[in-house]
Amino acid sequence: MNPNQKIITIGSVSLTIATVCFLMQIAILVTTVTLHFKQYECDSPANNQVMPCEPIIIERNITEIVYLTNTTIEKEICPKLVEYRNWSKPQCKITGFAPFSKDNSIRLSAGGDIWVTREPYVSCDPGKCYQFALGQGTTLDNKHSNDTIHDRIPHRTLLMNELGVPFHLGTRQVCIAWSSSSCHDGKAWLHVCVTGDDKNATASFIYDGRLVDSIGSWSQNILRTQESECVCINGTCTVVMTDGSASGRADTRILFIEEGKIVHISPLSGSAQHVEECSCYPRYPGVRCICRDNWKGSNRPVVDINVKDYSIDSRYVCSGLVGDTPRNNDRSSNSNCRNPNNDKGNHGVKGWAFDDGNDVWMGRTISKDSRSGYETFKVIGGWSTPNSKSQINRQVIVDSDNRSGYSGIFSVEGKSCINRCFYVELIRGREQETRVWWTSNSIVVFCGTSGTYGTGSWPDGADINLMPI
C-alpha cells in the first residue's frame, strides 16, 4: 500500500469512528432529555391521564440510577396513589381460628425491662399489624409497679409496637391515655386518647402524629372509649364513646372523625340499654360493634353505624349462649335479640363476636363467673334467631385453669376477602395473685382460617414465683 492509499484508509476509518461517536452523542442527548421530562410525569390509574408529580412527594420517591456510558441520570419514579380504605371486600369464609401471635411479656419481664400494661389490642395499617396497650408509666421490675391494679392515673400512656414485639424500654408512647382506640384510614393513624380527671376528662384526637381535635367530658363521669380498634371507611372513622355510670344509665355517643377532626356526633339509639368497650369491625358500607352491657345484660349489645348518614341502631346478639362474664349457665341463659336479659348484668368484661350470615362467631371466658379460660365457637342461627343455642366448631384458646381477661376483634384485608382476628388479654398479678404487687398482661392472637386446625392451650405461662415482687 502506497503512502496515498494509507492516508485515504486512515482518513476513512477516522471519519467512520467520528460519525459513530457523533451518533452516540445524539442518542445520549435524546435519552437524557426524554428521561428529564418523564421523571415529572406519572400515569393516574383512575383515568390514564398524565399527572404531574407534586414536589413534596419527591422526597418519598424511589430513585433508580440509569448508566449511559459516562453519564449518570437520576430517574424519579412516581409513588403509588395512597387511598382511603373502604373495606368493600366480602368477609372471609372460615372454619375456625388458627394461632397467629403471642408476645410473652410477663415471662420476659422476669429478666428484662418490660412495661406494665393492661387493656391491650391489635390494629393493622394496609401493610403491617401493631399491638397497643395502656402502659402504667413503669416497667415490671420497678417499685413504681406496686399497686398498678388501678385503671386511671395521669402516668398512663398508649404504647405501640409491631405485633409480636413486647413493650420494651424503646417502645413509642403515642399519647397520654387511660382509655384509647386506634385505627388506620389508609393514609395515616388516628389515635383517640382519653386522660384527666374522672369528672372532667379530655379525649385527644391525634392524626398522623399531630393533635387535630379534642372533646371534654359530657357527663362528668369517666369519659371512656373502646379499648380496641376503631374503623375507617372512605376517610371517615367511627369511635364509640361513653360517659356516665358504669352500673346505670350512661350517655353513649358515636363520633365521626375525618383526618383527626370531629365532623359529627350521633347519640346512641335503638334498644341497647348500656354500651361500653365496643369491639368494632367494618361491615361495608357501615361499621358494626359488639359491646359490653355493664348494667342489665350478660348478652352483648350490637351497635350498627351508618357512615353515610350518621344514623345509629342497636340491639343485642340473639345467641342464647351469651358472651359476657359473669353469666348464667348455658342451660338457663337467654337472649331475645332486642333487650338485655337481666341476668347478672352488673359488671362484665370486654369481648367480641361477629356475624356470619344468620350465624355468629363469638369468644368468651370458659368460666361463667370469673376471667378464667377462653373459648371460641359458632352458634347456628345466633345472629338472627332468638335464644339459639346450637354450638359448633368450639376451640379452647386458654384452658380453664389459667387466667384470661379482655378480648377484642380486629380486621385484616386480604387479596379477595376481609379476615376477622381476635386477641385475648392474659392478666397476671393482683388481685388474684397476691405474692406480687403489680398487675400486668401479655396477649395471644388468633386469626380466622378456612383450613384445618388442631388443639391446644396458650396461657400466659409465667411462673409467678419467679417474678419480681
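Each Cβ is built from the backbone N, Cα and C atoms, and glycine gets one as well.
It should be emphasised that the depicted structure is a prediction, and the values quoted were computed from it without experimental measurement.
The cysteine that Swiss-Prot pairs with Cys289 in a disulfide, picked from Cys280, Cys318, is Cys280. Swiss-Prot names Arg118, Arg152, Glu276, Glu277, Arg371 as substrate ligands; from the candidate set Arg107, Arg172, Arg288, Arg292, the record adds Arg292 to that same site. Among Cys337, Cys447, the one Swiss-Prot lists as the disulfide partner of Cys421 is Cys447. Binding of Ca(2+) is attributed by Swiss-Prot to Asp293, Gly297, and within the candidate set Asp309, Asp313, Asp324, Asp330 the record adds Asp324 to that site. According to Swiss-Prot, the cysteine that forms a disulfide bond with Cys237, out of Cys232, Cys278, is Cys232. For Asn402 (N-linked glycosylation site) paired with Cys280 (disulfide bond), the C-alpha to C-alpha distance reads 27 Å. In three-state terms derived from DSSP, Cys417 (disulfide bond) belongs to neither a helical nor a strand segment and is classed as coil. Rounded to a whole number, the distance between the Cα atoms of Cys230 (disulfide bond) and Cys280 (disulfide bond) is 6 Å. Listed recorded positions near Asn234 (N-linked glycosylation site): none (candidates Cys92, Asn146, Cys291, Cys318, Cys421, Cys447; Cα-Cα distance within 10 Å). Counted within 10 Å of its Cβ, the other Cβ atoms near Cys129 (disulfide bond) come to 18, all protein chains included. Looking only at the disulfide-bonded residues Cys124, Cys318, Cys421, the one with its C-alpha closest to Cys232 (disulfide bond) is Cys124. Of all the recorded positions in the record (Asn86, Cys230, Cys417), the one with the smallest CA separation from Cys129 (disulfide bond) is Cys230. Annotation: Cys318 carries the greatest number of neighbouring Cβ atoms among the disulfide-bonded residues Cys318, Cys337 [cut-off 10 Å, Cβ to Cβ].
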